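Trainee: Okay, handing you the structure first.
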Amino acid sequence: MEQTYEYAWIIPFIPLPVPMLIGAGLILFPTATKSFRRMWAFQSVLLLSIVMIFSIYLSIQQINSSSVYQYVWSWIINNDFSLDFGYLIDPLTSIMSILITTVGIMVLIYSDNYMAHDQGYLRFFAYMSFFSTSMLGLVTSSNLIQIYIFWELVGLCSYLLIGFWFTRPVAANACQKAFVTNRVGDFGLLLGILGFYWITGSFEFRDLFEIFNNLIYNNEVNFLFVTLCAVLLFAGAVSKSAQFPLHVWLPDAMEGPTPISALIHAATMVAAGIFLVARLLPLFRVIPYIMYLISVIGIITVLLGATLALAQKDIKRGLAYSTMSQLGYMMLALGMGSYRSALFHLITHAYSKALLFLGSGSIIHSMETIVGYSPAKSQNMGLMGGLRKHVPITKITFLLGTLSLCGIPPLACFWSKDEILNDSWLYSPIFAIIAWATAGLTAFYMFRIYLLTFEGHLNVHFQNYGGKHKTPFYSISLWGKNGVKKNSCLLTMNNNESTYFLSKTKYPIDKNGRKMTRPFMTIAHFEHKAVSSYPYESDNTMLFPIFVLGLFTLFVGAIGIPFNQEGVNLDILSKWLAPSINLLHPKSNNSQDWNEFLKDAVVSVSIAYFGIFIASFLYKPVYSSLKNLEFINSFVKKGPKRILWDKIINGIYDWSYNRAYIDAFYTRFFVGGIRGLAEFTHFFDRRVIDGMTNGVGVISFIVGEGIKYIGGGRISSYLFLYLAYVSVFLLVYYLLFSTF
């Protein structure tokens, strides 16, 4: 076992050859590299599978032995300072490694089909493999300096992937927004790291925790400065995990390809913030104010994310706000000290959310055959509906993910969310009420997404896409979206070979799509069904990862069932996390009996079903005449009270749809303020600073020109002027001082 741990340092570097070889191949042998491009997808999956097997083996060793392994290489710069590099293998590392690799493999397989017609295919897989390398390096780091290095690499990869189609202005703006927002948190993280190094003299986690605990115990530190440094460290997690108030980048990150959304929201970027807080929890737990701040930020994010998801029309943005809310649950659990519950929910949510995002990608893929390449249309739930008849497998798996996030047993998120809800009562009744109410909101908005997408009738009618001439679909060039020439087809990239990784079937894209010339948000009447094309189910290459993630969603919750009945211990997760739990809570007991579990579960499931019922009542087409996704039913008679109620509902709807006006506030006060300051600085620099400098030169030039014309070149003239000046000076002197 010791030898296995000794080779664990290689984990982050196994996927690294793929982006390096792709880059070298495109420079040295571009034609051959592009011709055999699907070979790189196979290598990406193969190398990440090796990491997954290695990570699973390490996890089994840890479950059996409850061991933690750390290895450090020291680079001594001078006698007073040495920089250490190493790797740490503990339960948190193994959990994150398995999450990254399992979800990453599914996303890579899925992407082989999803990105098959994109000329940036090779660039996409290079970025994805480098993303996996960065995240694996982050979770295996043994000190804060290494974490910061890989932390920045994760941010870089997310910037590249969110802006993958950067020729689209919205995608370019989205990646810049994500980058700048995360720079705020990253700057705080760097300052916090340097602050704690100044306090403890170490970057290594074990030394840092031990030294800091001794300093706190002996009251040898400035508590205010320590709190400030801890807040700065936490700021990095707030930005990376899209917690309030640095959450604004997350919905815009949906401008990247859908597989990227699945990876970012499930196991990489947003999970990095939760990982950082979990890793530093032994540091935070001795600072009570920080733990309370973490829980407050978590509960605000829980409620805010859920309310902002209520009115979203874009299916990916709705799921993005769902991610924000669920990350808030994890942050709340960490702030309450519920280390096990937070990591359990991280695991279950990762598989459920990856399933939902890949399912949404399958839906978008099928809608593009009708509306063409237009994210504003293909991702709009107002143009969907009735897809259960056309994409039945996607519908079943999407329903599994939806019910899991709703908290319906026996699906994965039921077990983890229930633990967080129960722990919240022990921490704060106010927090508990908000958390339980938000669980009902979660069920409401998730089932709203499901009903708008799959129930009713297909809301796209080609008569709404006016125009006598058919127009081709868009192809996506190497550097983004680019219109193809007329009468060209999207599937002409390579007609001589199969385009899919697991299947040789080709599906031609229907050419019946038309450009839309009228507002597409007005949903046509359901009785008008004259459509000339319908969506179809995705290829097996996309369905296989969705099916596997569906199995994870069904069964992964079993690892954390907290029952210990009659000597039968089903709680694998507690045994897995034993070293970390014992470090944080030496006398903790996570087991429950059946009676206690059933009492809590009945309440949470009832709340979830109530949210589902309200969503079904409002959004199921049979019972509702909703149009444009509003919350108004026409069967209620109008009256003064009803009109007031409608105004309130519309106000809430506008508040939710417009992201609580937080983005507008930031744009007006922060972005506008910075632009105003920049304009003033530019004016001051050009008119004042440059004016002074240029003014000296102009004055010198004028004086020189004047002197040039006064001097004639004769000595007699110079003597005459000299004597005249002296005479005038003497005359003035005599007149001024003659009285004295």
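Quick reminder: no glycine exception, Cβ is built from N, Cα and C everywhere.
Found this in Swiss-Prot, in case it helps:
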TRANSMEM  40-60  transmembrane segment
TRANSMEM  89-109  transmembrane segment
TRANSMEM  125-145  transmembrane segment
TRANSMEM  185-205  transmembrane segment
TRANSMEM  219-239  transmembrane segment
TRANSMEM  258-278  transmembrane segment
TRANSMEM  327-347  transmembrane segment
TRANSMEM  354-374  transmembrane segment
TRANSMEM  396-416  transmembrane segment
TRANSMEM  425-445  transmembrane segment
TRANSMEM  543-563  transmembrane segment
TRANSMEM  602-622  transmembrane segment
Trainee: Give the nonlocal contacts of the transmembrane segment (602-622) in its own chain as ranges (CB under 8 Å, at least six residues past its ends).
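Mentor: Contacts with the transmembrane segment (602-622): 385, 406-409, 414, 417-418, 421, 436-437, 439-445, 447-448, 451-452, 455-457, 526, 631, 633.
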Trainee: Could you give the residue numbers and ranges of same-chain residues that sit at least 6 residues beyond the transmembrane segment (543-563) on either side and whose C-beta is under 8 angstroms from one of its C-beta atoms?
Mentor: 102-103, 106-107, 109-110, 340, 344, 347-348, 351-352, 354-355, 358-359, 362, 393-394, 396-397, 400-401, 404, 410-416, 419, 502, 537, 569-574, 576, 590-594, 597
Trainee: Have the transmembrane segment (258-278) and the transmembrane segment (40-60) got at least three CB pairs under 8 Å, pairs 6 or more apart in sequence?
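Mentor: Not in contact, no.
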Trainee: Report, as numbers and ranges, which residues of the same chain sit near the transmembrane segment (396-416): CB under 8 Å and 6 or more residues beyond its ends.
Mentor: 322, 326, 341, 344-345, 347-349, 351-353, 355-356, 359-360, 363, 439, 442-443, 446-447, 449-450, 453-454, 546-547, 549-550, 552-557, 560-561, 601, 604-605, 608-609, 611-612
Trainee: Residue list, the transmembrane segment (89-109) vs rest of chain: Cβ under 8 Å, 6 or more residues beyond ends.
Mentor: 5, 8, 11, 41, 44-45, 48-49, 51-52, 55-56, 58-59, 62, 68-70, 125, 128, 132, 135-136, 139-140, 259, 262-263, 266-268, 271, 275, 278-279, 343, 346-347, 350-351, 354, 358, 501-502, 541, 544-545, 548-549, 552, 576-580
